[in-house]
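First, the structure itself, so that you have it in front of you.
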Amino acid sequence: MKFNENWLREWINPKITSVSLRNQIVESGIEIESIHEFNPIFDGFLVGKIVECINPCKGNNLKILKVDVGYKKLLNIVCGASNCRNNIKVVVATIDSILPNGSKIKIKKIKEKLSEGMICSFFELGLFNFCKDIIELPEDIPIGKKINDLFLLKKDTFIKVAVTPNRPDGLSILGIARNIAAINNLKKIRLKKRILPTTIEDQFPITINTEKQSVNYFGRIIQNVNLNVDTPFWMKKKLFFCDLLSDNIIENILNYILIEIGQPLNILNADKIDDVIEIRMAIKKEFLILKNDTRIVLDKDILVFSDKTKILFIPGNINNSDLEPNKNTKNIFLTSYLVDKKSILNILKKIDSNNILDYYSHGVDASLQKYAIEYATYLIVKICGGKIGPINTKKSNFNSLSCSNKIKLYHQNFNKCIDSFVDSSIISNILLCLEYKVNFHKKYWYVFPPSWRFDILIEEDVIGDILRIYNYNNIPLTPLKQNYYFNSKNKDLKSPLLDEAAVLLINRGYYEIITYSFINPSLQDDIIPNNNQILISNPISKDFSSMRLSLWPGLLKTVSYNKNRQQESMRFFERGLCFSIDESQILGIRQEMFLGGVISGFYSKENWFSVRRKVDFYDLKGDLESLLEVICGLNKFEIRHQNILGLHPEQSAKIYLDNKYIGSLGKIHPKIEKKLNLYNSTFLFELSLNYISKLKFYNTEEISKYPTSRRDIAILVSKDIPFLDIITVCKDFFVNKKVEINLFDVYSCKEFDNRKKSLGISFVFQNFKKNLKENEVNLMLHDCIKILKKKFQVVLRK
C-alpha cells in the first residue's frame, strides 16, 4: 500500500519529525518498502485569471486569451483547451519558466497569433497523465501567487508499506494512525460523522440462499448522480501518490475509501439490476463475462451475487460487464459485502488475485461496513449529486466474521516472557491505547481484541502486541541465570555435521542449492518409482502438489535448467528435509534430514594440457568417500553394489554405516536421463543424516620412530567376491595392530577361466615400541592368508 505523509497527518499529527514518524511505523510491526520525496519546484508558474477569451475561428479550437498574472500588462496567450473560458483562475507558465519535461517556455507564434506563455494542465505539471484539461483553481486564490506556495502542491513524502497477512490493520491510513496514536499515547482515533439524510425510499430486497457461507451485506440506491464530473484536486493528489488515480470518479471514490479506512466497496448500475439481490452458490457451468470480454466459468463452490436473471458480481468486485457504471449512468447501487475466507480461497483457485481480493484475504473490519457506506454516500453526493435511498442489510452466520475472542492474560506470564518486570498499570494503559476491552483482576486481565485485529487469538499474541508499543528497546538486557554445560557426546550434532559436509563439498567444486519441498508428483514417480506420495490438499499448483521423498528431483531439475542454459560442467548439493509416510509418527508422517549431491557433464574446464572427459561413477564415489571420511571415519562405512530404482542397474550402490543403510549413489537411469534431457553422464548421491549421530573426533598419537615393513601378495579369488569383503576380514584380523592395507592391482585373463580375478594387496606393518623382525611379520601375514583361504577359498599366487 502507498500513501502520502500529509494524508496520514490529517488523521494523527504527533509533534515528531518525518523520520521519527516512519520509524514508529516500522516499530508498530509494519515494514516500509520505499520512501520518495515530493518537492516540486515550479519557478515562473503563477496564478492567473482569464479576463478575455476569444475564438476567432469557429472551426478551430484555438482561443486567444488575455490573462492577468499580476504584471502591469495582460499577457496574450493562445490555448486550445476545451474548458478554457472567461473569468476562471488558472496556472500560467510565464516566459523562461521550465516545464518538468525540460521544455522552456518562449514567446512564439501559433497560427499567426503571438503567445506569451502557457496555460497549464496537470499533465504539463507532470502530475496526472490523463488530465489534459487546464487546471481550474479556486476563486479565493490571489492573482500572481506562485503555485509553489499553494497548499495543494506543497512538499510531501509518499511511503510504500508491506503488510504481512496477520496485520490487516496496516492496509489503511486509519489502521496506521491507530498504531501511531498508541505509540505516542495520544487520544483514540475518532471517525467523523458522514451521515446524510435519505431522500427516496427505493431499495432492492436482499436474500441469502446459502446456509454454509458467512455473509454480511449492505446495499443502497443513489439516484440522479452525475458521473461526468471531474475528481477534486485534493482527492487526485492523494490517489496519485497511491498509484490508484484514474479518470473515473466512481473508481477514485472507492479507492479513496479503500486506502483511508480499509473498506472495499462496489458500485453497480442500478438500472440493470432485475428487482432483487440474491446471494447464492454458483450453478455448475454458470459463467460471468467481465469488462475485457473475458469469460469465467464458475464452479459450484463459488459464491455469487445475482438478480433474477443473471450474476451481478462475485467477491473481489469481479463484476458482470453489463453492470459496470459509466459516465452516462444516472442511478447506482452502492454495496459493501463481507464473506468468509473460504469463499475468497475458492475464487483465488479460479482466477488471479486483485487488490480487493488481497484486502479480503487479510481480513476486513465488519464494524466499519456501515460507516464505509455512509462515507461513500457522502463523497458521491457532495461531488456528483444525487438522491439517497435507505441502507438495506442482510446477515448470515455473522459471528464467524466478527472478532470476539476472550483471552486471559496473566501478569506473571507477561513478565516471565520478557524476563523483566513491567507494572500492571503500564500494561493496562497500553491495552487501552490499542483499544482492547479490558477487565482487570488481581493477577490477570480478561481482554477482548479490537474488531480489526483478527490475528489476536491467544495470550502470546496479546503479549507481542503490547511489546511492540512498549518498545523492545525498553526491555533490559539480562544474562542467563543458569550456566549450561554441554556434553559433546549428548549434544545434537546435526547442524555442525551439515556445516562440515557443506564446507568439504564446496571445496571440491560443488555449489549449494535450495529447492522447494513441494514437487511435481509425476517427476517424483519417474525418479522414485513405486512410492507412497504425500499429496497436498490445497497446492499452489500441480507442480507443487506433492511433498518430496528425496532431494534427487530438485537436484535433477536444477541440472536440467542449467544444461538448457549452456552449462557444461555442474556440481550441486542440497541439505534439507524429506518426508515419508510412517504411521508410528505424529500425523503419520516422518521427516528426515538428508544431504544429496549431483555431478553432470565434464569433469573439468577446457584446458591445453589434458583431454576433457565426462564425469563417471568413480568421481562421485571419490567425493563421497572423502565426505564420509570426514563425518564418520573411513573404516565405518561400506559401499555395496545393489540395484536401485531410478538408477542405472550396473552403476548403482547403497551405503552402509555400521551395517545400517544410510544412503545411495549411482548413475541416473537412461530413461529418466532422456526424459529430463540430461547429459549421458549424470550421477547422484544421497545420505540420511538421522543415523549419523556424531562427528568423527580425531585422536592424536605420536609418530612411530621405528621403520615400516612391507609385504605384497597376489591372490586368486572368485569374481563374485567384492574386494571390500576381503579387506574387511584383513582389517578385523589386524584390529589391534598398526597395519595399512591397500589394493594396488586387479588382473583377469583366460587362464583363470574368466571366473576368477587376481588381486594385488600390500600390507605395511609398523610397531610403536620396537623394530619388527622378519619372522614376526611373516607369521602375521601367514595367519591372515590362512583366514582368507578358509573364508573365501583364495589361492596364493607365486
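Each Cβ is built from the backbone N, Cα and C atoms, and glycine gets one as well.
Feature table excerpt (Swiss-Prot):
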- Asp455, Asp461, Asp465: Mg(2+) binding site (BINDING)
- 39-148: domain 'tRNA-binding' (DOMAIN)
- 402-477: domain 'B5' (DOMAIN)
- 704-797: domain 'FDX-ACB' (DOMAIN)
Using a 10 Å cut-off on Cβ-Cβ distances across all protein chains shown, tell me which of the binding-site residues (Asp455, Asp461, Asp465) has the largest neighbour count.
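Checking each of Asp455, Asp461, Asp465, the winner is Asp465.
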On average, what pLDDT score does this prediction assign to the domain 'tRNA-binding' (39-148)?
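The predicted confidence over the domain 'tRNA-binding' (39-148), as a mean pLDDT, is 86.
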Work out, from DSSP, the number of helix, strand and coil residues along the domain 'FDX-ACB' (704-797).
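Its residues divide into 33 helix, 33 strand, 28 coil.
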Quick check: with Asp455, Asp461, Asp465 left out, which same-chain residues have Cβ atoms within 8 Å of the centroid of the Mg(2+) site Cβ atoms?
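So the extra residues in range turn out to be Asn166, Pro449, Arg453, Ile456, Leu457, Val462, Gly464.
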Pull the DSSP breakdown for the domain 'tRNA-binding' (39-148) and write it out as helix, strand, coil residue counts.
2 helix, 40 strand, 68 coil
